[in-house]
């Protein structure tokens, strides 16, 4: 009889800035919890061989992480997911096929760890991706699209990312999309000899807040256009120079859009916020940075407006990360080791319950025979306690070597066969229902950095 493996089969499907254009990433981008839940539900409904699933959508990547049922065909899962995305996003399967990156098993785990550790980011070492992955996992977990398998994977990924940051210093070198955009803006400011260090920022999400902080560090005055005044008040409390920041409702955009040389836009809107119909000719040149995906700024038709997208910043990013190569090499060593340690950890999780079950089976068998002996008066009742101790010690001695051997072999590839054989031999194979009760043992600390 073929024994089923108890290790999870991991699968990742990814589109990134390395393989897909900004225009196509815009179509895939998910900008609301409702859209995300609908996509996850569609996957759950139409892909029965996918046990658990989560989606990561950022300005530079769209990725699906899944665990598959035993025996699931990865090519079939890839085809099914591409078909769902094509229908959901009104794209062609052939276009998606050209850009997709697929990883399974160990390579899938390595990929997730690399992404979480910011080694696959446009800006290597930026920490924003870890928070984005935590939010993506948190949503999928709370909406019951992922459970034990992805919880274990993401738990270890966050640990790996922290280790990479702590041991390599790769995140301490101050380069991010927001910092590169502000650095380029400062360079423009100096070349253009702009008198007033003022900037207009549309949005108050994570990216926009980072831009604002970088601008303030460069002594800019910032006007923020947003929708949530209460969020602005909370944000201002974090700033060292709150007096240099103002706030207006984004509905007043028309009143300000033609007044600033420097503009940064980073919102989650699926549509253009800045449109050509709002624009007027000015006597000064304007430099705009659209850091959103999908883009928030319609391509200007007026002269003297220079627009930078996320992808336009990539060459500038590469200029700033050259000194990270040594840290990156060390980081990949950590990720490779973490991938091996993850599978050792997973295998040990399968062995520990087996050892516990073997000891419990021995205890129950001994107790059953002791009660028979007492009932038939083979031994006096007053000896019951002493006999229990003797039996307990005897079975501990008997199981000592098998216990050590199981723990030792837990880190070997053949452990699945060994564990499966013992469970089958002693009739200890239980349904996976019990695993749900132990979920909190592995639940990710997605609120921690």
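Our numbering is plain: 1 for the first residue shown, then up by one each step along the chain.
Even glycines carry a Cβ here, placed using N, Cα and C.
Per Swiss-Prot, active site, nucleophile is recorded for 59, and the stated evidence type is sequence analysis. DSSP classifies residue 59 (active site, nucleophile) as coil under the three-state reduction. The 10 Å shell around the Cβ of residue 59 (active site, nucleophile) contains 24 further Cβ atoms across the protein chains shown.
What Swiss-Prot lists as substrate binding site is 58, 59, 60, 61, 121, 126, 127, 128, 132. Secondary structure from DSSP puts residue 121 (substrate binding site) in coil.
Within the same chain, residues at least six positions away from residue 204 (NADP(+) binding site) with a Cβ under 8 Å of its Cβ are 224, 226, 228, 231, 232, 235. Under the heading NADP(+) binding site, Swiss-Prot lists 203, 204, 205, 206, 207, 208.
The Cβ of residue 111 (site 'Important for activity') lies under 8 Å from the Cβ of 12, 14, 103, 120, each of these being in the same chain and 6 or more residues away along the sequence. What Swiss-Prot lists as site 'Important for activity' is 111.
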Tally every other Cβ atom lying within 10 Å of the Cβ atom of residue 60 (substrate binding site). 22
Between residue 205 (NADP(+) binding site) and residue 127 (substrate binding site), what is the CA-CA distance rounded to a whole number of Å? 15
Most Cβ neighbours inside 10 Å, all chains, among the binding-site residues 203, 205: 203
When you measure from the Cβ of residue 127 (substrate binding site), how many other Cβ atoms are you left with inside 10 Å? 18
Other CB atoms within 10 A, centred on residue 208 (NADP(+) binding site): 23
If you measure residue 208 (NADP(+) binding site) to residue 121 (substrate binding site) at Cα, how many Å is it? 18
In sequence order, which same-chain residues at least six apart have a C-beta under 8 angstroms from residue 132 (substrate binding site)? 56, 58
